[in-house]
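First the structure, in the form of structure tokens, and then the observations on it.
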Amino acid sequence: MYESMKMSVEHVVETGKISEEYNTSDEVRQVFSQWSIDGFTRQNHPTVIQVLLDQNKDKDITGNCLPNLVYVSRQKSKTSPHHFKAGALNVLVRVSAAMTNAPVILTLDCDMYSNDPTTPLRALCYILDPEMQSNLGYVQFPQEYHGLNKSDIYACEHKRLFKVHPVGCDGLCGPSYVGTGCFFRRRALCGGPSTLILPEIDGLCPDSVVNKPLTAPSVLELAHHVAGCNYENQTKWGSKIGFRYGSLVEDYYTGYRMKCEGWRSIFCYPETAAFLGDVPFNLLDVLSQNKRWAIGLLEVAFSRYSTITFGVKSMGLFMGLAYSYYAFWAILTIPITTYCLLPQLALLNELSIFPKVSDPWFLLYMFLFLGAYGQDLLEFVVDGGTIQRWWSDQRMWIMRGLSCHAFGLTEFVVKSIGIPTEGFNVTSKIINDEESKRYEQGVFEFGVPSPLFVTLTMAAIINLLSLIIGLVRFIVDGGSNKEGLVMQLVLTGLIVMNCLPVYQAIALRSDKGKMPTKTTVTATLLASAVYVVASQFL
């Protein structure tokens with residue numbers, strides 16, 4: 001029934017008319033007959049609400065009642081902002097309030113599915129606990145994936161974000177909301193625990209009781225009304241009620257604002273994954289997704305609700321710093337880019353910027369370097385990770401810092417001074433057979449030209465040349481500064497090892513996933529320009 005409805009909607013959007021081929025039932029015809037189809041597009045169309053299953057009358061083959069299943073497509077207009085995913089979630093909150101007003105809401109991304117039927121019972125154990133009920137806002141399950149290759153080459157598991165750090169936050173006010181696999185109390189979306197903010201319609205209040213059937217005319221009328229694109233005008237939706245607007249990472253921002261209002265959350269981490277989802281299978285999609293996250297997090301960091309000021313004041317120092325760690329995530333591009341370029345350019349010019357091996361300060365540098373990597377490895381492995389996946393995580397940390405975080409930070413600054421930038425892009429999870437095969441083999445996908453690859457390739461070229469020239473000079477010439485260049489050679493060699501997939505894509509591959517020639521040429525010219533400029537200063 002859902003597939004039939006989906007095909008009907010997509011057909012209307014594509015052709016602008018209702019086809020009898022897709023609308024064989026009187027029920028579906030009745031749904032579409034109330035609108036004029038002229039001008040019906042993906043960005044401009046009326047609300048579509050269709051009850052596919054009604055628990056009061058639909059039963060399975062054994063005679064048991066089936067759960068309610070309702071298809072909702074909110075009204076869209078080019079003249080009204082729709083607030084992306086947060087706007088869609090708020091429409092679903094209001095429509096579900098009008099139709100059933102169930103006290104618990106599960107948010108789940110469209111590419112995720114339930115992997116354990118006992119998951120709702122686990123969530124209810126916390127939600128119904130009298131000791132937690134007064135201020136528990138949501139129960140967050142870890143975001144886990146199926147289909148990851150053996151080494152997780154793009155580090156899509158995000159072990160720290162989805163598993164390690166939430167355990168630590170659980171000892172404070174609870175984990176951040178990560179956009180999926182989360183059970184909310186409906187009451188928590190309407191102000192703080194002690195400051196209830198009522199919606200503008202009584203029927204949307206969290207304690208309202210719906211005693212009419214799903215298909216009752218008055219219920220459907222209210223549902224259509226609250227799904228309209230202009231309904232939120234002059235209301236508190238998106239600012240004080242529901243999922244919050246103001247950031248591309250509506251999940252992080254909503255959970256953060258709820259914590260500031262006094263709610264806490266629980267991290268439920270069962271042995272069996274509660275939900276499983278898909279991951280992007282090519283590097284461009286991974287970097288584009290992380291760039292969007294970087295921009296959205298910076299929007300929170302530099303807003304009136306900044307985590308470092310408002311957050312610390314509202315939640316306390318430790319929880320404020322925990323949220324700030326991710327809010328300022330993209331700024332890591334500055335030290336990462338510095339360490340990936342400055343020592344290497346200095347090495348090309350035979351300048352030492354680190355202590356000599358014989359200098360006592362060298363021991364401090366090595367202690368900090370090895371200690372940081374050792375702690376990170378221990379954290380990763382203790383939580384069930386492998387050394388191979390840890391290495392992939394380290395490699396992607398450098399790649400993100402050189403590409404999507406740098407572009408995200410730049411785009412945020414440009415947007416902040418009033419220059420328009422590109423809009424929201426949904427991460428694709430659709431792949432062809434060749435991409436799938438290369439992913440399973442652990443081969444990176446660079447096939448599509450993108451500016452995100454240019455800076456990454458430029459840094460890879462500079463590091464490779466720096467390592468080769470530096471080693472030759474070290475072995476053949478050496479000179480008085482030989483000891484001072486050891487640490488720069490080690491650092492450059494480490495980055496070259498992390499950039500091996502880039503070198504393979506440039507020179508050793510002939511498949512469609514290789515690095516586009518245009519990207520390689522642009523990166524080479526940029527690397528040359530950076531070297532020339534740096535030589536003047538160094």
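Placed from the backbone N, Cα and C atoms, the Cβ positions cover glycine too.
The Mn(2+) binding site annotation in TrEMBL covers Lys85, Asp109. For Lys85 (Mn(2+) binding site), other Cβ atoms within 10 Å of its Cβ number 18.
What TrEMBL records for 323-342 (among others) is transmembrane segment.
For 362-382 (among others), the entry in TrEMBL reads transmembrane segment.
Feature annotation from TrEMBL assigns transmembrane segment to 452-476 (among others).
The transmembrane segment feature in TrEMBL is assigned to 488-508 (among others).
If one looks beyond the transmembrane segment (488-508) by at least 6 residues along the same chain, the residues whose Cβ comes under 8 Å of a Cβ in the stretch are 153, 339-340, 343-344, 346-347, 352-354, 394-395, 398-399, 443-444, 446, 456-457, 459-460, 463-464, 466-467, 470-471, 474, 514-515, 520. Nonlocal intrachain contacts for the transmembrane segment (323-342), taken as residues 6+ away from its ends with a CB within less than 8 angstroms of a stretch CB, comprise 161, 165, 176, 252, 256, 259, 293-295, 297-298, 300-301, 306-308, 311-312, 315, 353, 397-398, 401-402, 405-406, 408-409, 412, 459, 462-463, 491, 495, 530, 534. Taking a C-beta cut-off of under 8 Å and a sequence gap of six or more, Asp109 (Mn(2+) binding site) has these contacts in its own chain: Gly179, Thr180, Gly277.
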